[in-house]
Amino acid sequence: MSPATSFGLSEAAACVFAPRPDDHKYRRGLVELRTGSLAYPGAAVLGAEAAARGGAGFVRYAGPHAVASRVLDRRPETVCASGGHDADVVVAGSGVEDPGDPRLVDAVRRARGGSATVLDATALQAVPTEDPAVPGAVLTPHAGELAQLATRLVGRRIRVRDVEGDPEGIAAEVARATGAVVVAKGHRTIVASPDTLAVVVAPTSWLAVAGTGDVLAGLVGALGATAAHRDPVPPLAELAAAAAWLHGRAGALAAARVLDPAAPADDVLDDVSRAHRPVGGPVTALDVADALSGVIAAVLAR
Ligand SMILES: NC(=O)C1=CN([C@@H]2O[C@H](COP(=O)(O)OP(=O)(O)OC[C@H]3O[C@@H](n4cnc5c(N)ncnc54)[C@H](O)[C@@H]3O)[C@@H](O)[C@H]2O)[C@@H](O)CC1
Ligand SMILES: Nc1ncnc2c1ncn2[C@@H]1O[C@H](COP(=O)(O)OP(=O)(O)O)[C@@H](O)[C@H]1O
């Protein structure tokens, strides 16, 4: 495998598409969210917001009725009926309590068949140890989840500190074991496929709050679904890295807007020398999801 490449604005821009005159909601891409539970309804709301702000044409939610009504309170355009068109991307796991939930079991089956599927949080536990091939999947573990997943799949005990010491190596091992794209989240997010490795550095650490991972999962879904209707379709690893890059920029924009609500989105696109310093103020996961539209608009305007 070649050494890790660093992922930036020009690579992300190749994964962001403006709507064409002959597009309609389905051609803009359909994301199905299999997220949330009675214990964690917020994860479903956050993913729906991110999928919509990330440019999907159609966001469908599959989950408990009580969770669906929370999603609809925030995003009434979400379709909560089952059936209809096939999803371009399924996003599964954020905020789901039970790894045996049929929504996750079916998502793993879909990923095994090669269809684009984001497996986040609890869905990572639904990947079987004995038969872990999920070539359609984008796996989105944080360091704790990656340590657990790698321990199961590569056959030796891997601790969180091992992941923190060598996220590239462990993400790459899991990518080879599963055939999937692995997005090892953190300040430096590693995006590994069985034969590629990219690093996305976040421009802010205000992202380190609960729920921002749920936002990232929804955004991967939106970029994947939109790209599914383009020719050529960018590789899943590039789409996942673009999502991580845009997510970091949205975090920076949301943090900057704490100081100055009119801060322009274009200002966060370029790397800034003080990026590692705590520019801005505390953000919420919903702030980050909200900021995605502005960051995408700024990328398209360049
Ligand atoms: N508003 C909501 O409904 C939210 C729901 N969430 C859902 O809550 C469930 C549990 O999520 P958790 O992430 O707490 O999972 P877990 O409770 O399974 O894992 C967290 C464990 O991993 C360890 N850990 C090690 N490195 C870590 C790192 N870099 N980041 C985070 N934890 C690390 C922690 O110390 C902790 O012991 C998931 O389904 C998730 O999607 C969260 O996303 C938070 C927001
Ligand atoms: N110190 C940090 N600097 C920049 N980004 C971070 C930092 N810590 C976490 N993140 C980002 O925040 C998100 C957190 O995801 P995750 O841990 O899954 O949270 P949750 O499950 O609560 O949604 C990831 O996208 C990760 O890359």
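Note: Cβ is positioned from N, Cα and C throughout, glycine not excepted.
Remember, TrEMBL labels are computer predictions, not curated facts.
Record check: TrEMBL places Lys185, Gly186, His187, Arg188, Thr189 at the AMP site, and the matching candidate among Gly211, Gly213, Gly218 is Gly213.
Record note: TrEMBL gives Gly95, His142, Asp214 as (6S)-NADPHX-binding, and the candidate from Ala43, Ala44, Ala265 in that site is Ala43. On the backbone, the CA of Asp214 ((6S)-NADPHX binding site) and the CA of Thr189 (AMP binding site) stand 15 Å apart. Those same-chain residues not listed among Ala43, Gly95, His142, Asp214 yet with C-beta within 8 angstroms of the centroid of the (6S)-NADPHX site C-beta atoms are Thr35, Tyr40, Leu46, Gly47, Gly93, Ser94, Asp120, Ala121, Ala210, Gly211, Gly213, Ala217.
Put simply, the two farthest-apart Cα atoms among Ala43, Gly95, His142, Asp214, the recorded binders of (6S)-NADPHX, are 15 Å from each other. Distance between Cα atoms for Thr189 (AMP binding site) and His142 ((6S)-NADPHX binding site): 9 Å, as a whole number. The DSSP secondary structure for Arg188 (AMP binding site) is strand.
In this structure, none of the binding-site residues Lys185, His187, Arg188, Thr189 sits close to ligand 1 with a C-beta under 6 angstroms from any of its atoms. Here the C-alpha separation of Gly186 (AMP binding site) and Ala43 ((6S)-NADPHX binding site) works out to 18 Å.
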